[in-house]
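The next block holds one structure in the form of structure tokens; read it before the comments.
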């Protein structure tokens with residue numbers, strides 16, 4: 001795993017860093033020795049302020065930047081701001097994403113466009129402009145995307161979400177091939193259910209008593225439990241490290257053994 005001595009002076013940018021998996025990734029990378037730029041929407045400013053304070057508390061530099069990852073101009077400006085504030089970009093974690101639980105027939109074209117705009121288009125734009133910055137710097141880098149178990153095995157009620165996450169696997173493989181000659185690796189992580197605010201939202205929609213859904217999901221995992229955000233952050237920490245220098249084009253499951261390749 002990455003260590004402070006190895007990662008000292010390197011810069012990471014994490015999108016969707018206000019809460020859940022993104023926040024856990026940002027804090028883990030800071031503990032690994034990275035200076036960390038945080039991205040989210042302005043509505044999540046309080047969460048970003050809190051995360052930045054936690055990063056600075058472990059002696060790392062940081063900043064936060066508002067941007068909608070589905071908008072190309074905002075992504076370009078975000079990456080330029082990271083370089084201006086922290087001196088470069090070594091690791092890009094494209095974590096921002098949204099979900100939707102709806103039957104296939106009830107999912108509208110507008111629903112589909114909204115989900116894929118953030119999840120798939122947003123990942124494409126972050127891969128593209130982070131990759132360009134890393135090529136300009138000339139010292140390689142790490143790009144890491146957020147796939148899902150639903151990006152490997154479709155699930156009922158998640159048609160738009162599944163489409164976006166299957167697409168991320170394809171983008172990851174193509175980017176790995178094109179960016180590889182520049183010393184840039186591109187991988188993704190694929191969590192199953194994770195105890196996050198998004199998970200809590202689905203529990204509310206389903207209407208099960210608190211804890212019942214988790215018990216049922218735990219039964220589907222070979223290791224008997226679903227993930228915490230920190231479980232995902234550990235995998236990202238490794239993919240961001242120099243020890244992962246020969247891994248690229250891969251989408252790594254982090255689900256306790258729910259989906260197998």
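In case you wondered, yes, glycine gets a Cβ from its N, Cα and C as well.
Per Swiss-Prot, active site, proton acceptor is recorded for 161. According to its DSSP assignment, residue 161 (active site, proton acceptor) is helical.
The active site, lowers pKa of active site Tyr annotation in Swiss-Prot covers 165. Neighbour list (residue 165 (active site, lowers pKa of active site Tyr), Cβ cut-off 8 Å, at least 6 residues apart, same chain): 119, 147, 148, 150, 151, 190.
Residue 194 (NADP(+) binding site) carries a strand DSSP state (E or B). The annotation NADP(+) binding site is assigned in Swiss-Prot to 21, 68, 95, 128, 161, 165, 194, 196.
Between the CA atoms of residue 194 (NADP(+) binding site) and residue 161 (active site, proton acceptor) there is a gap of 16 Å, rounded to the nearest whole number. Residue 161 (active site, proton acceptor) is 17 Å away from residue 21 (NADP(+) binding site) when you measure Cα to Cα.
In sequence order, 19, 20, 21, 229 constitute the residues six or more apart from residue 196 (NADP(+) binding site) in its chain with CB-CB distances below 8 Å. Take the CB of residue 128 (NADP(+) binding site) and look out to 10 A: across all protein chains shown you find 18 other CB atoms. For residue 161 (active site, proton acceptor), other Cβ atoms within 10 Å of its Cβ number 26.
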